[in-house]
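Noted in TrEMBL for the protein shown:
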DOMAIN    10-156  domain 'Lactate/malate dehydrogenase N-terminal'
BINDING   Asp46, Asn109, Val133, Gly134, Asn135  NAD(+) binding site
BINDING   Arg96, Arg102, Asn135, Arg166  substrate binding site
DOMAIN    160-334  domain 'Lactate/malate dehydrogenase C-terminal'
ACT_SITE  His191  active site, proton acceptor
Amino acid sequence: LINIAADPIRVLVTGAAGQIAYSLLYSIAKGDVFGKDQPIILVLLDIPPMLPVLDGVVMELQDCALPLLREVIPTDKVELGFKDLDAAILVGSMPRKEGMERKDLLKANVAIFKTQGAALEKYAKKSVRVLVVGNPANTNCLIASKSAPSIPKENFSCLTRLDHNRARSQVAMRCGVPADAVKNVIIWGNHSSTQYPDVHHAMVNVHGKEVEAYSAVKDDSWLKGDFISTVQLRGAAVIKARKLSSAMSAAKAICDHMRDWWFGTLDGEFMSMGVYAGGNSYGIPEDLIYSFPVHIKNKSWNIHDGLPINDFSRAKMDATAAELVEERDTALSFLSQ
């Protein structure tokens with residue numbers, strides 16, 4: 001039986017009538033993310049035209065008869081959606097339409113995440129943990145954080161765990177081992193096709209022995225070529241095949257990210273997370289949300305310092321940083337308008 005004594009936490013999911021949320025909400029409500037004895041109030045925010053669909057999602061959540069789920073609140077109002085939050089998972093964003101310039105997409109999303117950042121500032125707990133999923137996730141996250149100055153920058157993150165899981169799985173399949181036999185892959189930089197999936201520091205458990213990934217894979221040209229492009233372009237490959245973007249795998253990655261943030265990472269392991277770059281030791285420009293290897297304890301992340309970076313990695317880390325600087329500067333020019 002569940003310990004009823006625990007106070008429920010308030011968890012917001014935006015874009016709640018969408019594809020990713022449909023795969024995500026059951027896992028959260030069932031206790032896979034915030035713990036098996038943590039009651040939850042789920043707040044579901046979407047735009048007004050999606051409210052009828054949202055009602056259907058609410059019915060289904062009720063019909064799951066989940067003991068941890070205390071209340072489900074569907075809404076299109078930010079003052080209700082962002083009130084007293086413990087966690088905010090910002091999935092909703094303006095998707096790219098055909099023929100749309102990247103700049104136009106950025107402009108539309110700056111407006112959305114400025115509003116949501118301001119709503120976090122005004123209504124949420126100062127201890128709220130915020131995960132931005134909607135693309136361009138890194139820059140959207142930065143805008144939200146800048147729009148919520150009294151919430152610590154460390155409380156904002158963006159999702160690169162899906163890329164991390166993709167990289168881990170590619171290496172595991174190549175070595176013929178289960179995915180959890182691969183640890184410490186890294187996604188550096190932007191959640192875009194310039195991201196750098198790095199396995200120079202990864203370890204693979206082969207027949208009970210930990211081996212460096214390069215030794216386990218035994219194919220340097222694959223690791224420096226097709227492996228990287230496969231991970232970078234995986235999202236597009238899924239869209240091409242399914243005619244829809246990654247939802248099941250994105251939801252799983254969101255759960256992994258939030259669970260690790262809540263309960264911590266294992267000793268000797270780090271995970272990839274888009275976080276504020278201030279004070280990093282890898283020469284990445286400070287005022288960015290950039291994906292780093294982090295370890296987490298007591299709901300606080302720290303960038304894993306001291307990894308040696310070779311010239312191959314350096315060039316790729318700098319290239320994705322340059323893209324983020326350009327995105328940030330464009331976004332900030334819209335923000336000040």
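Note: Cβ is positioned from N, Cα and C throughout, glycine not excepted.
No curator has checked TrEMBL annotations; they are predicted automatically.
Annotated features, which come from TrEMBL, shown on the structure.
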residue	record	Cβ contacts under 8 Å, 6 or more apart
Asp46	NAD(+) binding site	Thr14, Gly15, Ala16, Ala17, Gly18, Val53, Leu54, Pro74, Asp76, Gly92
Arg96	substrate binding site	Arg102, Leu105, Asn135
Asn109	NAD(+) binding site	Ser93, Met94, Gly134, Asn135, Pro136, Thr139, Asn140, Ile143
Val133	NAD(+) binding site	Ile20, Ile89, Leu90, Val91, Ser93, Cys158, Leu159, Ala250, Ile254
Arg166	substrate binding site	Pro197, Thr230, Val231, Arg234, Ser249
His191	active site, proton acceptor	Asn135, Pro136, Ala137, Asn138, Cys158, Leu159, Thr160, Asp163, Gly274, Ser291
Legend entry - Secondary structure content, the domain 'Lactate/malate dehydrogenase N-terminal' (10-156) (per DSSP, counts of residues): 67 helix, 27 strand, 53 coil
Legend entry - Least Cβ-crowded entry, counting other Cβ within 10 Å, from the binding-site residues listed as Gly134, Asn135: Asn135
Inset, instruction - Express in Å, rounded to the nearest integer, the largest CA to CA distance found among the NAD(+)-binding residues Asp46, Asn109, Val133, Gly134, Asn135 named in the record. - result: 16
Inset, instruction - Please work out the mean pLDDT for the residues of the domain 'Lactate/malate dehydrogenase N-terminal' (10-156). - result: 96
